[in-house]
């Protein structure tokens, strides 16, 4: 059986746009050919896509860094470079994506075929055909391609099931799942036999069906990570109905009620909204000798319990003899029909949603100074202009200088006290300031 992995961290690096080209027409009988440099192609994006054949994030354990290809550089004769292919990564249904740098939820992938662009490829740089003007009809100006986005993400799988089986270890959750769905979870007479969620489909004679998940057993402190803790609780979030199993064959009614409350306290500690889910209490192992006596007392204690908003419905079953199982499944199906489905936005399978990292309000540029006296310019807008400037051509350098001047960089440097001949650094590029 493959290892179940439901949480993983990955890096995604989109491709850079191709560089624009500086080129001129070289044709017979055209002595003064104009600019003919083409644009660079778009860089490849990183896209997550739901694949219903996947059940775990296991594939990411050994492949956590994903890089898309860069766009092709522009060519002469106004030819645009080819765009790079996008890199598509398959993920299981129910995957939530979080940006670890911002803490923001990037997207929730719940629909088959749903796509999410988690890192957008950079646009191609413009060739010199875009920079011709009456004053400069033959510009040696071209842009470098825009850098692709980089993100550090956490993928978290939350199983999509209509019904979740909850309860302390060894109350019979796996056995019930195997009886009603044909699933084959590991079953044994010791705690935490089930270490991963198991999923199966319940098919009723009337044609109705629903997905049921057997969750690993809860213990006190699970909401704080004790035992299987949070690994289990996240999978309950998407369920519509909870079947709360209590063992009345091997324990008396008072202990069963105490454990019933313990489980609900853990649910409330993790997320109070979970207690609003419809919950059916299922008394298990009713084929054992004292089970009926324990059940009668348990029902009395529930009815007398004033801590409950209302007395829950109680079903008694034996997974061994199958007594009461069909009645429980029919009631569960009815309850599912009355309960709203997990709230997820519908997505058009043909259109990918693109994640845009939130931009904090920041100045176009900032000025600081190194210990050696070099002035340092930084800032997202300024650095983007810099990396897209082709410094191999003097015209491009002059254009960048004009852009800095229009942004107010020159005036700000003078106000900060810069002197003629001082060194200025942008990233790894150093130049001399001239008044």
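Indices start at 1 and increase along the chain as displayed.
Note: Cβ is positioned from N, Cα and C throughout, glycine not excepted.
It should be emphasised that the depicted structure is a prediction, and the values quoted were computed from it without experimental measurement.
Over in Swiss-Prot, the protein carries these features:
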- 2-160: domain 'Obg' (DOMAIN)
- 161-337: domain 'OBG-type G' (DOMAIN)
- 167-174, 192-196, 214-217, 284-287, 318-320: GTP binding site (BINDING)
- 174, 194: Mg(2+) binding site (BINDING)
- 357-435: domain 'OCT' (DOMAIN)
Densest Cβ environment (other Cβ within 10 Å) across the binding-site residues 167, 170, 173, 174, 318 belongs to 173
The correct DSSP tally for the domain 'OCT' (357-435) reads 30 helix, 17 strand, 32 coil
Here the Cα-Cα span from residue 167 (GTP binding site) to residue 174 (Mg(2+) binding site), rounded to a whole number of angstrom, reaches 11
